[in-house]
Amino acid sequence: MINNMTSIIRSTQGGCWGSDRLRLRLYGGVFDLAVMPLIDRVESLQGVIRKVKRIEAMGQTGRSNYVDVTKFPKAGTSKLSTDEMPEAPTAPSTYNEKMLANYVPVYVMLPLGVISNDNVFEDQPKMEKQLKELRAAGVDGVMVDVWWGIVESKGPKQYDWSAYRSLFALVQECGLKLQAIMSFHRCGGNVGDEVTIPLPQWVLDIGETDPDIFYTNRKGNRNKEYLTIGVDNQPLFHGRTAVQLYSDNMKSFRQHMSDFIEAGLIIDIEVGLGPAGELWYPSYTGTQGWVFPGIGEFQCYDKYLEAEFKEAATGAGHPEWGLPDNAGEYNDTPGSTEFFGLNGTYMTEKGKFFLTWYSNKLLNHGDEILDEANRAFLGCKLKLAAKVAGIHWWYKSPSHAAELTSGYYNLKDRDGYRPIARMLSRHYATFNFTCLEMRDSEQRADAKCGPQELVQQVLSGGWREEVEVAGENALSRYDSNGYNQMLLNARPNGISREGLPKQIMYGVTYLRLSDELLKDKNFKIFKTFAKKMRTDQDYCADLGMYNHQIGPLERSKPKLVMEDLLEATKPMEPFPWGEETDMKVDDFDGVLANLIRKLFSLFK
């Protein structure tokens, strides 16, 4: 009897295998079975379904064909060799133009050590295989760190881009776009860092005689992950300032990668502005003994920043003011400190002056380096971008202590992120944010985390300042809950069937490519996620079709005075957010369990 009731229907978007959907029909009821590779698992349900009678292929044209299920090619995304890619579909891809306006491109971050410390592109066959798997899954492109500590390791202005050129050529051959991160920080010591790539040795050698070139906490501990912003304009590096180091590196990159830029391969330059490539002070780091959810420590006690603060305080008529000495240590809670506690120093005139100075220094740092990036890539058909850290713990406490030590002066009555967006707007730069996958319910209650509210605030501020907003997950996730939260944040009010949504992210980067991601079950869920980001459309190579056309980079607008930037600290209500995404990912186990329940319900 079941044999007569069942049929599996394959519905297509433009005839592309990557967008196939399977549905099981039982007495006319339709139950989603997710992406095409699940057919092998559906057939294994022999205890419930003895035989799949037919497969009906339905494209957007409405034509149907009946074929034998046993003759369908088996999906082998994690078993493909480099020369066994799926055949291209014979039918051309077709798109629903209105739905295509909802398309959010998906990029995947490459492994941190894809180029070795010795500046060698190792294991190219494995990377080629993985890139082709990503391309077959409908991924739009990849993101890669271009490490300063690798390319300029031999000495000042002695750049070697050869290994990265080999990698870029492979990405191009595989039909993917590329986002390049100008990584001026050390790799190693942060969550997820699997390799160690230090700053150039000749820079570290300068630090041996002048350790104040590094960020420093109140106890004098140095952090060698990134040069302190106190030396941005100090000619300590064989006659060059820190800003000049970064500028020369980017100019050399453009010169040596001009063919890839002109070919349209490199569409995005994310400018590293601090530790982990993000615009922040390294207030929390495992190398200094920090553990979650510690409030972290201020990082402005090197002699250069200390002198700048003394000058600023004297200019404000308070030469007696010094840097905070009551803000606790890395693993303290806000309430255990005098600075962040109830009616703490952060609420006093002295505290407000320090926090304004501390956060303004960060704004100026980002502004100055992005101005150099704009000069370096002026006229190139690409976009600049900068990333901001997602400090979500203690967000729901009055003092927002972990954000304040990181340089984000964000309180209930003061927006610490919209000024950053306003600064980025003058450089036509994309605002890249993190922790898109996190939900409040998954966090420790005692840490007063608010990742959902934080993302909502930051993205809303970016949209209000009319900058493109992109994002990524903070930690690797392979489950539908994480993917669905990312989908919700990408289109917080769902898809628009009448064209471009009012709020939509410019792109999403998944962190990160790994063997774990490419495992059969994990990769099947990821492919569904990428497809939902495309609103069930086929992969689209033409950026203009979904409003992402890129013209030549224009010169940055005139510099904004600090008063104009700080006008954006005025808090505003964030845009409304839906409760859940309307393009939901269901992993196979959840779908299978639901299917079995529905099957048995038919016989009750």
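We number each residue from 1, going along the chain as drawn.
Even glycines carry a Cβ here, placed using N, Cα and C.
Just so it is clear, the model here is predicted, and its values are computed rather than measured.
According to TrEMBL, the protein has these features:
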type	residues	note
ACT_SITE	E278	active site, proton donor
ACT_SITE	E472	active site, proton acceptor
BINDING	D145, H185, D193, K387, H392, T434, N473, A474, R512	substrate binding site
CB contacts for E472 (active site, proton acceptor) [other CB atoms within 10 A, all chains]: 23
Cα-Cα distance linking the residue listed as 'active site, proton donor' and H392 (substrate binding site), given in Å to the nearest integer: 15
Cβ packing number for R512 (substrate binding site), 10 Å threshold: 20
Nonlocal neighbours by CB distance (under 8 Å) for N473 (substrate binding site), same chain, sequence gap 6 or more: T434, C435, L436, E437, G482, M486, Y510, L511
